[in-house]
Amino acid sequence: MSLDSSSIVARYLNSCKLHEVMPNAAVLSHLYKASMQEEVQKWSTLVVSLDELEDHDMLPLVDMVHLFNVDAVDIFSTSKSVVKQESVVSLMRAVNSTLRIVDLQDTLFRKDILWDLFQGGLNCQLLKLRSTEIRKLNIVGSFMQLHTLNLDFSSSLTSLEKDCFTCMPKLMRLSMCGTRIADLWTTRAALSRLPSLTELRFQNCICCKDTGPCLASSNGTGSPATVGKLLINQDSLNDSVDKVSNHFGGILSSDPSFAATSGRTDLQLEVSFDDLHVQGRDDCPEDINFKLRDTSVVSKMYLSCHPSPICYEKHYREYMIASLPHLKVLDNFPVRKIDREMANTVFSQYYEYLPYKRRQKENVASVLHMRETGRGNAYHNKSSQIKEAVSCRKSPHFYSRSLCAAKIGSSASPSLHKMSNISDNIKEGSESLRPRQFEYHPTNPSLMAFGTLDGDVVVVNHDAGNIFSYIPLFGVTNSILGLCWLNKNPSKLLAGSDSGSLRLYDINDTLQKAESGCSSSSPVVFDKFEQLTSLHVNSTDDQFLTSGYSKKVAIYDICSGKRLHLFSDMHQEPINVAKFAHHSPNLLVTSSFDRDVKLWDLRQTPNQPCYTTSSSRGNVMVCFSPDDLYLLVSSVDNEVKQLLSVDGRLQTDFGIASTGSAHNYTRSYYMNGRDYVISGSSDESIVRVCCAQTGRRLMDYCLEDRALESPILVQSLRSDPFRHFHMAVLASYVRPSSRRDIIKVNLLESGTYADEDSKKEDFSSSYGHGG
């Protein structure tokens, strides 16, 4: 039941008297306006402006506001308020049933306050929490009435949890401009939980404040004068760009970790001309309409600003439109029918929705049932597709691939497990081991060897989580840069350090020595190879090669330890990685920072390569595909290409965007045989998964330490040879900068880290090179 103005004022004055505070004139005014509105319109809205209140005003307001039978309560704050955050939350809870608008711009809520809000939920319809300091958006409370959410300029926000929007069935408008959200895949998974989402922003039109379509670009809705505002001359355009760039540059300069977190070094520019758009008009000349169909020629007259890093991802706009079929407006630019058609085309050309070209998500149980019964696949409806599915099932890999597609389809972010708990304090009185190189065992799925920055070699059972064998290898502090298991004698492990020392050990022998105190055999000792960065054993286990920070490659006899050949000047610059073929003991490939990749045959005098092929940047590494049909070449700053090994012709260019850093060392390996390629770079926290044959991107995922709230940089990586879509990543931490770890990644499971304690260590600076 509503109350008249005198009763409302009286109740408020009594509440002030009870709490021994002076009445607030602004509160009295808003109470009076609401009561008058109720009398005239039979509808009342109480406006609470936090800018007009002090903290002592909150208690009497919270105590009596629930007695005032208003239809809606709007809470605003346009500047930094002096009211305690706990008091603001108490007020929102007191009026939750009638809460309509919560607009708390530039109010820097503490993490515990935000956690309380997101866990408890609110009944409001519009929520603006600009400039919050939250890093992970994990909303589990009820927001059943929310239709508009604005998180602009929350510069700490880096990712969206998969289920963070499941409690918002009515959310139609979402704005996250100026955040650090960068990953297309996890963002798509989160946004796909919003069935009502029609307007989305990660960057905004320079003249728009809300998420809706810009009136100046909407087809037929803007006046000629409004549309004409976009047709500015180049000088005016440059002035606008300078103003926006200077503003955003100031924001970025206050937080130097922004560029490192996003993996880009050129984000100081706020206006990206690659992302500028204009709405086509039906009455445009034919040649202009033709150009509008090409996204690379979309007009440069639409200024977008405050971009999140995700906006710089290649084909970002097409990816989001194709992934969100109900979207009508993206970044203040309307989504037309032609835009959606083009987006679907681009998506199918550059991205893989599910592994192995599966078109729809399947249930794991249905795939298992299909395997047992031999019946057709549930998602093949047409007869031709059924015939295709039946023929595909003749392949021995059909069901395993279907299961992988079903599991990845249900997992937005992978399960990650750190191995630091296995290796911590293996030597008495020492600090944790710092891995520098690692290799999976070729025949035992549970074993992995890793070498450290301090010269140790450790063999671990990464499934059981314990040490299998520990080898204090060289007795001096030298980083282990080369590790390779023998193929026919998989108990033997070859290791090399940056000092050039080379050793061959039998891990069973070292295990017996640890148990009995004596060794049954002496290790083979080889001549040093100075400045070593890489070593590799041939397919017959009789020879291995070394390369490093020089133009030389050496070939050694494994049994005798003698150096058989020393080839000089094979390249113009250091040869970072050299590899033997998997099936031919005489074929090897070298990759150099001189940008050349060369194939050699030891049966011929290797003064001339079989062929030479070049990259546009220095080559970090090269490897053969498991069947030796292809070469995978990784060059500085994300240049990854697959070549035909027979003649070096280009088969696939994976088209990964560069960051502009000359120190962004990229490494790539095959996964699931040669079905997929995984790639990571030393200045980025992203691991990319691409189809090896088509180059289409399956997914990216970002590594981050959640406890330290710090990104993790990818130094190297390997696929698990026994488990599909499993891998391990050699990671270094931004904070603390000394920490290194090996992280096991399972793309088929959703999960978080099995986290361990963070420890501060000194870091030696050898993370540029090696495999």
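Note that Cβ sites are derived from N, Cα and C of the backbone, with glycine treated the same way.
Taken from TrEMBL as is:
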- 313-331: domain 'U2A'/phosphoprotein 32 family A C-terminal' (DOMAIN)
- 568-603: repeat 'WD' (REPEAT)
Handout entry: Cβ-Cβ under 8 Å with the domain 'U2A'/phosphoprotein 32 family A C-terminal' (313-331): same-chain residues at least 6 beyond its ends
Key = 182, 184, 188, 191-192, 195-205, 211-213, 275, 277, 295, 304, 339-340, 342-344, 346-347, 350-351, 655, 657
Fill in the blank from the handout: DSSP tally for the repeat 'WD' (568-603), helix/strand/coil in that order, comes to 0 helix, 18 strand, 18 coil
Completion exercise
Looking only at the domain 'U2A'/phosphoprotein 32 family A C-terminal' (313-331), mean pLDDT returns 95
Completion exercise
Secondary structure of the domain 'U2A'/phosphoprotein 32 family A C-terminal' (313-331) by DSSP, residue by residue, totals 8 helix, 2 strand, 9 coil
